[in-house]
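These features come from Swiss-Prot:
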TRANSMEM  2-22  transmembrane segment
TRANSMEM  44-64  transmembrane segment
TRANSMEM  71-91  transmembrane segment
TRANSMEM  143-163  transmembrane segment
TRANSMEM  212-232  transmembrane segment
TRANSMEM  247-267  transmembrane segment
TRANSMEM  273-293  transmembrane segment
Amino acid sequence: MIVSTLEHILTHISLSIVSILITIELRIFLDDEIKKLYDSSERGMLITFLCITGLLANNWIYLGHFPLSDLSESLIFLSWSFALIHSIGYFTKNLKFLSTITSQSTLFTQGFATSGILTKIQKSSILIPALKSEWLIMHVSLMILGYAALLCGSLLSVALMVITVRNDGKFFFKSNNFLFREISYQNKNFFYAINYYKTQLIKELDFWSYQVISLGFIFLTIGILSGAVWANEAWGSYWSWDPKETWAFITWIVFAIYLHTRININLQSTNSAIVASLGFIIIWICYFGVNLVGLGLHSYGSFPSTSN
């Protein structure tokens, strides 16, 4: 009873704080002068991170195993991963765009994980035999940490593409009229300042997208390898082309291509951002879409069947 009440309190506190922080983050993103508001937002996100950490610890004690055995539990861990990335970014300057992404990602995943949609698959304290292994924590946690980092990096790439497309647009209407030419001349410095700011923002988005995706790719690679070892112990085969395994491999290939485009100077920035944006969709198919189908060896984490 106490454990259940504590879980309820921690869940709603974390969800409420993040909901408030989203409004603050969006306001801060548009105004560089709100220092106190920014500090309050960061402290609030740290509190959210601690609440979700407490929620995971509470569930671990209640269930008797680390809470990563179904979709609901993995979503909570995913929201914790977003909050962790946000907390790391707190100690790095000029990362407000990353904070905006991670705070909203935390809200959506935490909100969905604790919603009534997943009620039927929550609180299953009995593990299937394949999950009763020390590999559970290592494999699943690394995969979800990898997904979280790759999703954040991909969203930075999406933002980069949007800004790049708008930056390439024409700010002036071509006209031979003297009045329009005069206005264009007077506002030239203003538009140069805007373009300079956008150029610097694009460079920062490109740099941090690459850094975050590289980190996520490392987690994903180790997660897949550890999963292969675990699969051999549990099912007698390192790889069985299970739907989840197949899409995890596709995800790995997509982001391997992304890293290749980063090595090739001619394919950097916009081209690599396109690949990362595609990867954003692929990750959700791998993580969430396969669970909707509920087929294969990983179907224990899927939605429950509605038919009896």
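Using the three backbone atoms N, Cα and C, a Cβ is placed for every residue, glycine included.
A Cβ distance under 8 Å defines the sequence-distant neighbours of the transmembrane segment (212-232), meaning residues of its chain 6+ beyond its ends; these are 85, 98, 133, 135, 138-140, 142-143, 145-154, 156-157, 238-240, 245, 248-249, 251-252, 255-256, 258-259, 276, 279, 297.
The list of residues near the transmembrane segment (273-293) in space but at least 6 beyond its ends in sequence, with Cβ under 8 angstroms from a Cβ of it, reads 71, 147, 150-151, 153-158, 160-161, 164, 206, 209, 213, 243-244, 247-248, 250-251, 254-255, 257-258, 261, 301-303. Beyond the transmembrane segment (247-267), the same-chain residues lying 6 or more positions past its ends with a Cβ under 8 Å from any Cβ of the stretch are 143, 150, 210, 213-214, 216-217, 220-221, 224, 227, 275-276, 278-279, 282-283, 285-286, 289-290.
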